[in-house]
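Novice: Encoded as structure tokens, here's the structure I'll be asking about.
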Amino acid sequence: ASFBZAPAGBSASGEKIFKTKCAZCHTVBZGAGHKZGPNLHGLFGRQSGTVAGYSYSAANKNKAVNWEEKTLYDYLLNPKKYIPGTKMVFPGLKKPZZRABLLAYLKESTA
């Protein structure tokens, strides 16, 4: 399903998804250091590959995508297809509900 057809997200469900599938490599806490992946605090409205102190792949820097709900929804379906050459090893979330839930959580937790 495209972003326009995405269901409304549930942030409580999204938090569970984040903790089980994302938190090993990412944090959302303001001022926290990077893990295997960059800190996601301030994610919305930010350009890919621009967080200070994190070593991004050239692919992430060169993609120069602005992270918003639609771009993240598409990216999270298949990160390696969206940004070929990304270091992110996560295969993606195939279910539209899971992507919508994760985005609802990220919107709240990274602001």
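Placement of Cβ uses the backbone N, Cα and C atoms for every residue, glycine included.
Sharing the record's features from Swiss-Prot:
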BINDING   C22, C25, H26, M88  heme c binding site
MOD_RES   A1  N-acetylalanine
MOD_RES   K80  N6,N6,N6-trimethyllysine
MOD_RES   K94  N6,N6,N6-trimethyllysine
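Thinking about packing and proximity, how do these listed features fit into the structure?
Specialist: If you draw a 10 Å sphere around the CB of C25 (heme c binding site), it holds 15 other CB atoms from the protein chains shown.
Within the same chain, residues at least six positions away from A1 (N-acetylalanine) with a Cβ under 8 Å of its Cβ are P96. Secondary structure at A1 (N-acetylalanine), taken from DSSP and collapsed to helix, strand or coil, is coil.
Cβ neighbours within 10 Å of K80 (N6,N6,N6-trimethyllysine), excluding its own Cβ and spanning all shown chains: 15.
The C-beta environment of K94 (N6,N6,N6-trimethyllysine), restricted to residues of the same chain at least 6 apart in sequence and closer than 8 Å, consists of L77.
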Novice: Taking the mean position of the Cβ atoms of C22, C25, H26, M88 as the heme c site, which residues outside that list, in the same chain, have a Cβ no more than 8 Å away, listed in sequence order?
Specialist: A23, Z24, K35, Z36, G37, L40, F90
